[in-house]
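The domain 'Acyl-coenzyme A oxidase N-terminal' annotation in TrEMBL covers 27-147. The FAD binding site annotation in TrEMBL covers Thr153, Gly192. Per TrEMBL, the feature domain 'Acyl-CoA oxidase C-alpha1' maps to 289-450. Taken from TrEMBL, the feature active site, proton acceptor applies to Glu435. What TrEMBL records for 490-668 is domain 'Acyl-CoA oxidase C-terminal'.
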Amino acid sequence: MVHHQNKAIREGDNPDLTAERVTGTFDTHSMAAQIYNSEAHARRRREITEIIAKRPELHDTKPFPFMTREEKILESSRKLTLITKHMNEIIEPNNSNEMFHLNNEVLGIEGHPMALHGIMFIPALTAQASEEQQKKWLTRAINREIVGTYAQTELGHGTNLQNLETTATYDVATQEFVLHTPTITGLKWWPGNLGKSSNYAVVVALMFIKGKNYGPHTFMVPLRDEKTHQPLKGITIGDIGPKIAYNVTDNGFLGFDHYRIPRTNLLMRHTRVEPDGTYVKPPHAKINYSAMVHVRSHMITGQAIMLSYALTIATRYSSVRRQGQIDTTQPEVKVLEYQTQQHRLFPYIARAYAFVFAGAETVKLYERVLEEVATGNVSLMADLHALTSGLKSVVSHYTAQGIEQARMACGGHGYSQASYMSEIFGVAVGGCTYEGENMVMLLQLARYLVKSASLVKTGQSSKLGPLVAYLGAKSDSTSLIDRTPTTGFAEYVKTFQHIARRQTLKAADKFFGLMEKGEKRPIAWNKSSVELNRASRLHTRLYIVEAFVRRVEEVADPRLKEVLTDLLHLHVNYELLDMSTYALEDGFVSSSQLDYVRDQLYFYLAKIRPNAVSLVDSWEFSDQELRSVLGRRDGHVYENLFAWAKASPLNKTDVLPSVDKYLKPLMESARASKL
Ligand SMILES: CCCCC/C=C\C/C=C\C/C=C\C/C=C\C/C=C\CC/C=C/C(=O)SCCNC(=O)CCNC(=O)[C@H](O)C(C)(C)COP(=O)(O)OP(=O)(O)OC[C@H]1O[C@@H](n2cnc3c(N)ncnc32)[C@H](O)[C@@H]1OP(=O)(O)O
Ligand SMILES: Cc1cc2nc3c(=O)[nH]c(=O)nc-3n(C[C@H](O)[C@H](O)[C@H](O)COP(=O)(O)OP(=O)(O)OC[C@H]3O[C@@H](n4cnc5c(N)ncnc54)[C@H](O)[C@@H]3O)c2cc1C
């Protein structure tokens, strides 16, 4: 038996796809270890996939697009119950990476009744509940004796947490907090799994003690009877209705009518309220925002995975789809031969790799900060907040764009739900909104950049943290790209640094200048905000390039290093062209240098072409996880599209009741009127 570098090759596959895999120059298992940041985890993913493949009860009973929302929730609950029961046979206990993979395989991306339980409820209790509170609730939550969510956003306010309307007023006499929703706009609105599944929530409410507003605080709140699951007295609760996607999750609404909880239900790891109402403030004002930072840190990887789903589907399909000729004497070509198709897909393949490498760094920093904060050291919280705010915004934005490009790259069949592209897009694009609307989060990073710019302007560059140290460095007068015989990544990084630095200092100048002219700070901020957000994007894109460079430098395997270096070349050239306005406007890069950049881009599109399928195969998504007829590993697209269409519920009968009831009489009366 021949051992191929691409481990996805099987006998009987579509020969066009096999031919692509044979040209791959690197071992896809080794590349998976880079993507998933550890050989052990990449191997465990494969093992979990194999276990699931052998257990038909964990497979979808029919394609999701053929199910109603109610059916999907039922099906998802069935599978969730099974994986809970058999968890220890499938994954290592309490391994969140393995759990994430198990969920994606078995339950998929449309959510499930305990999605928020794992993503936010448990992390909020872990970071914000005192040890005593954890003994009471965390173990029960981990054992799934109770199901919880994170209820913060309201109908009227999601971004501006200081103006939430839900109040938690301390009653010294009874030592209770009274939760209340004063208006319709104060209803909690959006929390995942609140609508029908959860019986507890970590609720964010403005805390009032003796008439004083202490701002948003987090409370552990029982919502439903643990036995009957009926809403408790004083609670109004339900599902908010269907969404663009993610409809297996019951995002919900919640109102409180003078609903009482004990004082000890305020999460008290960092903040306390004594029985007499004395407030003990936390070591950092935003320490209770930790569940949001948790999701922002992890969603970089989550978004990269969803982008890679779409790219896997489109790249495989482009290798089996033949349409038109390039050389008219030759047969029709695979659409992947077209330079336009490569230009549509390959830069996003590079971005997906860049995002997953940046995501791994972010999670590492998050885990460090989590440990430090637990011991009272909050010094890195601002850096983590700035980094994750920028990354969640930039990565979710380009992920949504990339998925849409991948869908269009599949032509008409990309528009069919058989491709699964619309669901992938719908779930991913939610990331532009949840955990902080992208513009708002870019502005959070901008605050950090403006402070850093002010250090530079006042001669205090030595105080800049490592993420922004480049702001204090001096630029070359022009970029050295194509001006040295050995143009390498260093010249590109310096160019991106120059662009980000110039934009940051310019935007900060605008802001400070407006204030010097007498504008109040918030007005000056608003008038500078488009420029400030441009700076945030450029800073974040620089960070992503640097994370990619750092990873490529670490790779030892020469075959992997070569293909990753090709991808990095593609990435830096594509990025520079995409931000060329900034590079050209002060003459740092000339138009002849951009011609070089363009040539490099086309060179690397062609160089990557033989590895394209192996690069997407390396993500090692099973067919069950992808849920796409177009993206099948075996490439047998057409016969399966036909089978999929035949299975459509509309094809159960030849004549639909709607035809009998309306169309037939309509046609008959039209015919009769002609007589
Ligand atoms: C392997 C493990 C897997 C785990 C899986 C985990 C995640 C999976 C991810 C992806 C999976 C893939 C698919 C998932 C599919 C579907 C979705 C699933 C779940 C979605 C769940 C969504 C949940 C939510 O959306 S919860 C609600 C989120 N809401 C928000 O984000 C609101 C945004 N607003 C804010 O955050 C704040 O209001 C604000 C804008 C930051 C302002 O806050 P405010 O208090 O008013 O600020 P100010 O008083 O003005 O002060 C500003 C000051 O504070 C500093 N600051 C702010 N926040 C922080 C922080 N967190 N840390 C440190 N510092 C902070 C800020 O910098 C500023 O400082 P300065 O004054 O010095 O400048
Ligand atoms: C799929 C999904 C899942 C969710 N899950 C949860 C959950 O589990 N729990 C939960 O509590 N919430 C959840 N949410 C809610 C989500 O966190 C909020 O919708 C999000 O934070 C945005 O807030 P908003 O809806 O108030 O938007 P808005 O703030 O109303 O945004 C509207 C527009 O105003 C702009 N804007 C607002 N403020 C500013 C500003 N200061 N400066 C400049 N522009 C501004 C925004 O950029 C945007 O363009 C979820 C949302 C979605 C879509």
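Every residue, even glycine, has its Cβ placed from backbone N, Cα and C.
Features as recorded by TrEMBL, highlighted on the structure.
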residue	record	Cβ contacts under 8 Å, 6 or more apart
Thr153	FAD binding site	Lys188, Trp189, Trp190, Pro191
Gly192	FAD binding site	Gly111, Ala115, Leu116, Ile119, Met120, Thr149, Tyr150, Thr249, Asp250, Asn251, Gly252
Glu435	active site, proton acceptor	Met292, Val295, Arg296, Met299, Lys392, Met441
DSSP-derived helix, strand and coil totals, residue by residue, for the domain 'Acyl-coenzyme A oxidase N-terminal' (27-147): 88 helix, 0 strand, 33 coil
